[in-house]
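Below you'll find the structure, written out as structure tokens, and then a few comments.
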Amino acid sequence: QRGSRGQRCGPGEVFNQCGSACPRVCGRPPAQACTLQCVSGCFCRRGYIRTQRGGCIPERQCHQR
């Protein structure tokens, strides 16, 4: 999927005009304090989680790493 500026999203990602500034990352605890601000860009699809390398994988694979 492409964003408004022609940005190409990777596998398991979707472009969102107003996504979280603090996405969940596999192997890291959730952010304790995250400001409620809109960030546009590529975000993991529902049921996926960001890896520490930057890609998105199914959440069920996160616990296997």
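Any Cβ shown, glycine's included, is placed from N, Cα and C.
Small disclaimer: the values here were computed from a predicted structure and weren't measured.
Candidates considered were Cys56, Cys62; the recorded disulfide partner of Cys26 in Swiss-Prot is Cys62. Of the cysteines listed (Cys34, Cys38, Cys42), Swiss-Prot assigns Cys42 as the disulfide partner of Cys9. The disulfide partner of Cys22, as annotated in Swiss-Prot and taken from the candidates Cys34, Cys38, is Cys34.
Around the Cβ of Cys44 (disulfide bond), 24 further Cβ atoms fall within 10 Å across all displayed protein chains. In this structure, the disulfide-bonded residues Cys42, Cys62 were compared by how many other Cβ atoms lie within 10 Å of their Cβ, and the smallest count belongs to Cys62. Distances between the Cα of Cys26 (disulfide bond) and those of the disulfide-bonded residues Cys18, Cys34, Cys38, Cys44 are shortest for Cys44.
Packing around Cys26 (disulfide bond) is summarised by its Cβ count: 20 other Cβ atoms lie within 10 angstroms of its Cβ, all protein chains included. Each of the disulfide-bonded residues Cys9, Cys18, Cys22, Cys34, Cys56 was assessed for Cβ neighbours inside 10 Å, and the highest tally belongs to Cys56.
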